[in-house]
Amino acid sequence: MLCANNVSAQIGQKKLLKHINFYVKPNELVVIIGPNGAGKSSLLKALCGDIKINNGDITLNDRLLSDYSIASLATLRAVLTQNYELDFPFSVAEVVDMAHFAHQADYSKQQLMHFSEQVMQALSVTHLKTHTFTQLSGGEKQRVQLARVLCQIQPSLVANKTPYLLIDEPTSSLDIFHQYDVMAQAKSIASQGAGVVAVIHDLSLAASFADRIYMLNNGEVAACGIPKEVLTPALLKRVYNINARLENNTSEAMPHIQMCY
């Protein structure tokens, strides 16, 4: 389990997180939502160990995150940030293969290449493998980088270990088809034994795919629970200042947020 225990963080006088308690278990997709500036990306960075926390601790499998070496962490969790650009002209295949570093001591090159082929096919980027990454569209870059982090945790899944995948706004540059496809991939990875944390803005996507939702506001947890417990008219009004409700018609494949005018 990956946990934040009473975590607070600030930069200068700006408080980013205030006494956050959070957890994600194996076989679970947890979605973090909230308005701009709510602390979503800051919480994800804290869970990754990328920002200094002023209070509390982050634990992975009941061990302090700070006690892990960089190499061992790379085998246990993969992170996709909002900044997925690269300055060098790597091919798509080379970008995905960067994930092999974490596992090259335990797997043959042929096995690792098989993992790369699997995730590229799953994310529909195989046809781009010889293309230069810097020449791709924003959505294509995002899918390639997601393929890289999925490739990083794939060996741990095969070995029946429990990896964690943390992804920050993985659907921000994607069309509607690929938004649902990416979230379906995240859900699939969770069903295979991983713990997945995703920061997303689309509340309908959150309702459709999340096992649990954390709603943040002003650096605090405003609510947490299953989608129907969190996406209530009262909370949507208080946190987002919108009049809306969660529609979950059994005749429809996916629940969605209905605005009330």
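The backbone N, Cα and C atoms fix where each Cβ goes, glycine too.
So that you can see what the record holds, here are the features copied from Swiss-Prot:
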- 2-243: domain 'ABC transporter' (DOMAIN)
- Gly34, Pro35, Asn36, Gly37, Ala38, Gly39, Lys40, Ser41: ATP binding site (BINDING)
Worksheet item: Can you tell which of Pro35, Gly39 has the most other C-beta atoms within 10 Å, given these are the binding-site residues?
Response: Gly39
Discussion item. Within its own chain, what residues at least 6 apart in sequence put their Cβ under 8 Å from the Cβ of Lys40 (ATP binding site), listed in sequence order?
Written reply: Ile32, Ile33, Gly34, Asp168, Val199, Leu216
Worksheet item: Around Gly37 (ATP binding site), which residues of its chain at least 6 apart sit with Cβ under 8 Å of its Cβ?
Response: Asn218
Discussion item. Centre the Cβ atoms of Gly34, Pro35, Asn36, Gly37, Ala38, Gly39, Lys40, Ser41, go out 8 Å, and tell me which other residues of that chain have a Cβ in range of the ATP site.
Written reply: Ser42, Leu216, Asn217
Practice prompt. Tell me the Cβ neighbour count for Gly34 (ATP binding site), meaning other Cβ atoms within 10 Å of its Cβ, over all protein chains shown.
Written response: 24
Practice prompt. Would you please pick out, from the binding-site residues Asn36, Ser41, the one with the fewest other Cβ atoms within 10 Å of its Cβ?
Written response: Asn36
Fill in: Packing count at Ala38 (ATP binding site) (other Cβ atoms within 10 Å of its Cβ)
22
Practice prompt. Mind looking up the mean pLDDT for the domain 'ABC transporter' (2-243) in the predicted model?
Written response: 93
